[in-house]
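Quick look at what TrEMBL lists:
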- 2-375: domain 'Amino acid transporter transmembrane' (DOMAIN)
- 20-43: transmembrane segment (TRANSMEM)
- 76-95: transmembrane segment (TRANSMEM)
- 115-132: transmembrane segment (TRANSMEM)
- 144-166: transmembrane segment (TRANSMEM)
- 178-198: transmembrane segment (TRANSMEM)
- 210-233: transmembrane segment (TRANSMEM)
- 253-281: transmembrane segment (TRANSMEM)
- 293-312: transmembrane segment (TRANSMEM)
- 318-339: transmembrane segment (TRANSMEM)
- 359-379: transmembrane segment (TRANSMEM)
Amino acid sequence: LQGIFVLGLPYALLHSGYSGLLLIVLAAALCCYTGKILIACLYEENENGQPRRVRDTYEDVANACCKKLSPSLGGVVVNVTQVLELIMTCILYLVASGNLLSHSFPYVPVTEQTWSVIAFVTLLPCIFIRTLKIVSKLSQLCSLVHFVIIFVVITYCLTQMHQWSWAKFRLSLEFEDFLVSVGVIIFSYTSQIFLPTLEGNMKNPGEFRCMLNWTHFFACILKTTFALTAFLTWGEKTKEVITDNLPSFLETLVNLCLLTKALLSYPLPFFAATEIVYSCISKDNHSNYRSPLLALTVRGSFLLLTLLMAMFTPHFALLMGLTGSVTGAAMTFLLPSLFHLKLKWKKLSSLEKCADISVFLLGFLCSLAGIVCSIKGLLEVFG
């Protein structure tokens, strides 16, 4: 999910300056921490004091926290937030696809929105995806293409080292632009909705914390290197999608690779979102859950919704910032820290309580400010 959105990080540095580098590192540390406490909420100690997994999903954790108010209230909130984040991710893939096609074929008299429609047509077979097996194969191809793209961009940037200058970094920042950058950086790290399933399927779940430390460490190194080298290369000319800055002989090739990656990445969040909806429907009416007509209707509606949103919001960085501020902050910072405090309060040390409260407050403030600034930015663009 995170590969193509790394392309917005150099643009985030343009608006956040030196603080953006710190934010990339800080976001990695905080996301790693909240991932650990979320998984801790899946476990309770047995009579012997040994941890035992009593919950399986993010929804189960939410329901456990809200069971006194309503047995299913927490799960509803989490499911709605998850579906929103996944749908916004699908929309971003379509927006990126339209942008990439537009810049790959600038002489074709077609608008960016029309290119998004063309990309959408290629995604219609997603309606017939029923299992994760197909999605996993597509995701493997995405990972390979992703590393090739990052390698090409960084290699080109290194050839331009002679014109790098730290003076390109801004010392004075526009507060609103900075907050949009916060949303972009947060969204590039969001993965909490997949962690319970990932941990549950590990051969040795005891290695989860170590795995999380190393993956966030390497992700931080990769994203910092990519964002820094790209920004030092283009400075104030850095565009929303960094591949638009590449020379023509590379831009078309890289953009077509990115287009392939975006289209192959779309099925994963799409499949996950529809599965959440199906699981909710099955609780009320199991027969409808197996209805082929209902399945096609839900998937078709999701596809159409993502297209319409992509048509009306063709601004990659602003939409990414809004998504990161709304669903990214909620799923990554707010809910894990809140759930951890609720379920583990009596067993937490004072330091751990302060850490959870600090993460919650920081996430809330960043989310609120980022939402306001991202929406204002979108309104100004449309105005």
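Think of each number as a place in line: the chain as shown, counted from 1.
For all residues, glycine too, the Cβ spot is worked out from N, Cα and C.
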Considering the transmembrane segment (293-312), which listed stretch of 76-95, 115-132, 144-166 counts the most C-beta pairs under 8 Å: 115-132
Residues of the parent chain within Cβ reach of the transmembrane segment (144-166), under 8 Å, 6 or more residues beyond its termini: 3-4, 6, 222, 225-226, 229-230, 232-233, 235, 242-243, 246-247, 250, 253-254, 257-258, 260-261, 264
The transmembrane segment (253-281) in contact with the transmembrane segment (20-43), cutoff 8 A, at least 3 CB pairs, sep 6+: no
